[in-house]
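Here is the structure we will look at, set down as structure tokens.
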Amino acid sequence: NWHLKENARDHHTSKFSSQELIVRRGQAFTVTFNGTGQPEQNLTFIAEIGPKPSKLTKTQATFGISSTVSKDGWSAVLQSASSNSVSISISSPPNAVIGRYKLSVQSPSSDSSSPASLGTFVLLFNPWSSGDDVFMPNQAECKEYVLEEFGIIFAGNKNRINSFGWNFGQFQGDILSICLSMLDRSLQYRRDPVTDVSHRNDPKYLGRVLSAMVNANDDQGVVLGNWSGNYDGGKSPSSWTGSGEILQNWKKSGFKPVRYGQCWVFAAVLTTVLRCLGIPTRTITNFSSAHDADGNLRIDEFYDASGNHLDRAADSIWNFHVWNESWFSRSDLGPSYSGWQILDATPQEESGGIYQCGPASRNAIKEGDVDLDYDCPFVFAEVNADCMYWNYDPATGKKTLIYSASTTIGQSISTKAVGRDDRVDVTNDYKYEEGSKKERDTFKKARKKLGLEDKFDPTAPTPQEIDQKPDISGKFKVAGPLEVGKDLSLILVLANLQSDAQAVQVNMTAWSTVYTRRPVHEIWKDSVSVTLPPKEEKQFPITIPYTEYQQQLTTDNTIQVTALCHVEGGIQVLVQRDITLDNPAIDIQVLGEAKVNKEVDVEVTFANPIDVEVMDCVLQVEGNDLLTGILEIDVPPLKASEKSSTRFKLTPSATGPKHLLVNFSCDKFANIKTFKMVNV
């Protein structure tokens, strides 16, 4: 008898829906089995894991019955014994290897030399235990970062942050078994299974291995990335609403990578796997996130004379990027680097020859200690790199610096609040205040550690180029609703900073992009010649009709608008704005009170905001403890301005606050998401 209910309650594993014992390391659990007719003192227990268990690799433990719990090894303490049954309390050390163990018992009288198998159990990390590397003293944080199955992911751009719900579902069905098989499919396990399993006591090691396994690069991992804007042959990255479906699909297909993911999908799946294994983990969104491909802490962007953003640099600035933070101590670096560690499963740059990233200590990033393991320079650049904007002439290959900026990158770094559906800003945990002396000193320190201060860089702009002062300034102002289905109205405001008139040729373009700001389709272009009177500003209204951008928009609903201003006799001025359009709203109503094992009706309503019919409408619904799996409902086409309401039934299976996630798609609007908290 594994005492599944009592052990699960004591070990915070009640949410798993398994018939197997699941417990956490460094804490006792109880088993009862038939008596052997021998004095209990003579029993020996064997706990073993991995393909070749041995004491040397700490993958096998042999222990007899003792009167007290061992401090640093496995132990068994007698709870009670009768002629026909024995109850034992078994404890594992707080640094035990995690995974699926075999437990057997040997009694000296048994004729055969082979021990009797008691079965298998799964051992996980234990953030509730002070001896564990992942110990998290705050109970509310443990609950959120290990036990919470619902999350909120922030997206959009720095001017307009939006968010959507995600079902991590780490306790669903066979997710735990899939997570364990993920470890057995890693490159490290394939190369040397014995050593790999012996390192599975270390959250640093597992975090790094799993950051590689969640992406498909190198190892046939879980999710295949695609940033092209064309998602044929798979599901669009923005259509997923939870990790469960992705992990189940990976297993069902015989472990073929699931198509397709982008950063938040990789981060959400990694959150599921790490929470499942007991490592406290959360998703983090960084706005205006740098992808520094060449490691010089500088991002170069190129524009042609017409103002088109050229896709010719390996560097890029993403509207947002999502990665993970996991909580554990860094015995390799020292206590001041413990706490939140950055892991990133999105395949951006190789590290140690494969696409993996982290763990990078968040404290090391803030202090500019970029020489510490792992991948600190890349993460430091994501939140701190300087930007250089260049005019590039494809005919001559000549590039001219337009301007440089040191405060653009790494804004509004966001995560979900503990116990609430709100956004928390953690930018100050990543860096000192932008523009402060401390922040610039940290940047210089990082450059020095990377050997960038002393090295001549022929690609860098000269101090003269950096110090040049423009004669005019410009900005795009939003002059109407930013909604898919409505015309896009902007105002280009140009101001003359000088006391004499300026003649300016303005070349404007608008492109649809993916959220990484990679241009996909040209939508619109225009040019005007203007004279700006001394010290005055002029406004130029711009309208891009819905009919012009509708066909070109990607599922990210993002448009980049650029004006390159050629000032006669002066330096060029680049004005740009990234715009994220909101989808129309969708509404969820729960009709009546939600009670366990009682059906309740839910109504989802959507009004077609445009003056053409929308077709191919599909509603997708999921929510832990509210329904099993994913409900898909085909919705009839909707005429112009028509409203649809779709009803379905839920049968909740557990009490408490639960989240219902809804995703609505049709031929004109991709993946309209919303969620609702349902109190059962």
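Each residue's number is its place along the chain shown, starting with 1.
Just so you know, glycine gets a Cβ as well, placed from its N, Cα and C.
Fair warning: this is a prediction, and the values are worked out from it, not measured in the lab.
If you look up TrEMBL, you'll see C263, H321, D344 marked as active site. Marked as Ca(2+) binding site by TrEMBL: N384, D386, E434, E439. Look at TrEMBL and you will find 255-347 tagged as domain 'Transglutaminase-like'.
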For E434 (Ca(2+) binding site), the number of neighbouring Cβ atoms whose distance to its own Cβ is within 10 Å equals 15
Compute the C-alpha separation of N384 (Ca(2+) binding site) from D344 (active site), stating it in Å without decimals. 17
Going along the chain, which residues six or more apart from D386 (Ca(2+) binding site) have their CB under 8 A from its CB? L297, R298, I299, S404, A405, S406, I409, F443
If you measure D344 (active site) to C263 (active site) at Cα, how many Å is it? 9
If you measure C263 (active site) to H321 (active site) at Cα, how many Å is it? 6
Could you tell me the C-alpha distance between H321 (active site) and E434 (Ca(2+) binding site) in angstrom, no decimals? 19
Ten-angstrom check, please: count other Cβ atoms within 10 Å of the Cβ of E439 (Ca(2+) binding site), all chains counted. 18
Report the mean pLDDT of the predicted model across the domain 'Transglutaminase-like' (255-347), rounded to a whole number. 96
For a three-state summary based on DSSP, what are the helix, strand and coil counts in the domain 'Transglutaminase-like' (255-347)? 18 helix, 41 strand, 34 coil
Counting other Cβ atoms within 10 Å of each residue's Cβ, which of the recorded positions C263, D344, N384 comes out lowest? N384
By a simple count, how many Cβ atoms lie within 10 Å of the Cβ of H321 (active site), its own Cβ left out? 26
Near-site residues: Ca(2+), ref N384, D386, E434, E439, CB cutoff 8 A to centroid: S406, T407, I409, G410, K431, G435, R440, F443
